[in-house]
Amino acid sequence: MIEVRNVTKMYGGKPVIDNVSLTIPERKITSFIGPNGAGKSTLLSIISRLLEKNSGTVMIDGKDISAWNTRDLARKISILKQSNHINMRLTVRELVSFGRFPYSQGKLSKEDWTYVDEAIAYMELTDLKDRFLDQLSGGQNQRAYIAMIIAQNTDVILLDEPLNNLDMKHSVQIMKVLRRLVEELGKTVVIVIHDINFASCYSDNIVALKDGRIVQEGTTEQIIDGTILESIYEMPIPIEVIDGNRIGVYFK
Amino acid sequence: MKAWHLVVILVILSVTSLFIGVTDLTIFDLFSMTEKQAQALTIARIPRLISLVVAGTSMSVAGLIMQQLSRNKFVSPTTAGTDDSAKLGILVAMLMFSSATTMEKMLIAFIFAIAGTLLFMQLLERIKFKDAIFIPLVGLMFGNIINSLTTFFAYKNDLIQNVTSWLQGSFSSVMAGNYELIYISVPLLVIAYMYANKFTIAGMGEEFSVNLGLNHKRIVNLGLVIVALVSVVVILSVGVIPFLGLVVPNIVSLYMGDNLRKSLIHTALLGANFLLACDIISRIIIFPYEIPIALTVGVIGSILFLYLLMRRRAYES
């Protein structure tokens with residue numbers, strides 16, 4: 001379980017995360033939504049220890065993240081950031097195999113390779129597994145990185161805008177994979193996502209941030225609501241129910 | 001290309017290298033050598049061969065590690081101020097302790113090389129405009145600034161000829177008794193191989209490394225220490241060999257990718273082969289005289305590099 005307590009992060013004297021407290025439920029998909037500059041990605045980075053905080057604590061399984069051994073933590077929590085401009089010639093399978101590093105320290109066992117190949121199959125990349133990343137499209141790259149995170153096999157998976165660069169088909173594919181990870185493997189998934197309709201259709205809980213503070217928090221049914229969304233985004237977002245999904249129709 | 005192909009080529013080139021030179025010595029004389037021939041072999045030819053192989057391997061692997069850690073294909077000890085800082089260090093050692101032993105020179109040169117490289121890496125972090133070509137240009141300018149200091153102090157102290165001799169790598173004066181320092185490189189290369197996976201991860205960036213539970217800073221520092229030490233050892237024993245650390249890793253990256261666990265051995269072997277071939281050319285082109293190997297490496301290396309640059313673009317599209 002992840003508990004964020006009174007976390008504050010300052011940039012140049014200005015708080016980008018302002019005294020945020022939050023409990024992330026286990027075995028659920030939690031989406032961070034909110035306007036640009038709300039601090040969603042920053043909060044995700046702090047939870048994953050990529051970024052130092054100015055004050056407050058982040059507890060994982062009841063233990064402060066700064067007290068965790070970083071290698072042990074790499075088997076507990078994984079994070080994928082949105083900017084993956086890795087200028088490296090690795091094959092898909094090589095990249096995914098690095099997801100096993102926290103377990104193998106580079107000497108992969110047969111079991112490790114099974115995880116690697118399963119993760120590749122999970123992301124439907126088996127045909128492309130020996131191709132170099134720089135020969136693949138942006139969307140295929142993104143799927144390869146997610147496969148690496150799956151191979152890392154952590155209880156908690158944090159993804160910063162995983163649908164960036166993806167077309168509709170692959171966006172849906174990835175969201176379905178995330179659902180499967182939660183339902184079949186009992187993972188806890190936290191994503192930063194801009195598309196409120198994807199958040200609505202696939203997440204269990206939604207946390208809305210604005211100006212570094214949590215402004216709304218609750219189940220998807222509670223948050224995907226015209227009045228609440230209007231207060232977050234400062235624009236009218238009427239909600240229609242289509243086939244049981246709550247869809248915001250904000251395009252016009 | 002398979003690794004054993006490179007091994008076969010290495011053996012052929014090594015044998016060729018042993019039997020080229022002014023002293024008449026062929027492979028058929030091996031079991032009935034005159035005293036003069038035996039001396040030529042043990043005092044000159046074998047040391048030369050060993051230093052060529054170790055220097056070629058070392059500079060290529062150093063370039064590979066630097067490219068990985070700086071995440072830029074155009075960075076190498078020559079284009080990051082490492083070589084130039086090492087030269088300044090050697091000069092300082094000579095000025096401060098007039099009878100500096102090799103070990104003292106090495107230590108001071110190492111301190112300078114590591115400081116110069118770290119300074120360059122700091123510069124890299126601060127540069128906003130991360131164009132792939134721009135960064136090595138900054139490195140070359142940085143190196144030239146350091147070089148101007150070296151030249152200034154060398155000129156003032158009548159050491160300019162000494163300094164110039166380090167500018168151009170040469171194997172013609174390698175002899176038993178004056179090249180053994182280069183052996184220090186060998187264990188460093190072994191360590192580099194053991195850390196190959198970690199260098200690959202570090203090359204994917206700090207956030208990637210932290211996610212996988214790797215101490216990014218420690219690995220980068222270890223890599224830079226290896227690069228600086230190896231460069232110093234090579235400069236002190238044979239001189240600066242330009243381009244090698246740039247061209248060889250890039251060739252291997254093209255056909256093998258950037259997974260160091262796989263590409264490091266190829267880079268090492270190809271580096272040794274490339275330097276041996278250049279040395280053989282340098283020795284026979286105006287036989288019985290030699291042209292400096294730095295020249296041969298520079299000419300062949302730059303042509304190859306231009307070719308690679310253009311092919312790479314075709315390869316990617």
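Note that Cβ sites are derived from N, Cα and C of the backbone, with glycine treated the same way.
Residues annotated as transmembrane segment in TrEMBL: B:6-28 (among others).
With a cut-off of 8 Å between Cβ atoms, the residues of this chain six or more beyond the transmembrane segment (B:49-70) that come close are 10, 14, 17-18, 76-77, 80, 82, 121, 124, 135, 169, 171, 174, 179, 182-183, 185-186, 188-189, 192, 199-200, 202-203, 219-220, 223-224, 226-227, 230-231, 233-234, 237-238, 241, 244-246, 248-250, 252-253, 258, 260, 263-264, 267-276, 279. Feature annotation from TrEMBL assigns transmembrane segment to B:49-70 (among others).
Marked as transmembrane segment by TrEMBL: B:90-120 (among others).
As annotated by TrEMBL, transmembrane segment applies to B:132-155 (among others).
The annotation transmembrane segment is assigned in TrEMBL to B:175-196 (among others).
The transmembrane segment annotation in TrEMBL covers B:219-244 (among others).
Through the fold, the transmembrane segment (B:264-286) approaches residues 1, 3, 6-7, 9-10, 13-14, 16-17, 20-21, 48-49, 52-53, 55-61, 64, 171, 189, 192-193, 196, 241, 244, 247-249, 251-252, 256, 292-293, 295-297, 300 of its own chain, all at least 6 residues removed from its boundaries and within a Cβ separation under 8 Å. Residues or ranges marked as transmembrane segment in TrEMBL: B:264-286 (among others).
If you look up TrEMBL, you'll see B:293-310 (among others) marked as transmembrane segment.
Using a Cβ-Cβ cut-off under 8 Å and counting only residues 6 or more beyond its ends in the same chain, the transmembrane segment (B:219-244) has close neighbours at 51, 55-56, 58-63, 65-66, 68-69, 77-78, 82-83, 86-87, 89-90, 102, 105-106, 109-110, 113-114, 117-118, 121, 165-171, 174, 178-179, 181-182, 184-185, 188-189, 191-192, 195, 198-199, 201-202, 209, 271, 274-275, 293-294, 297-298, 301-302, 305.
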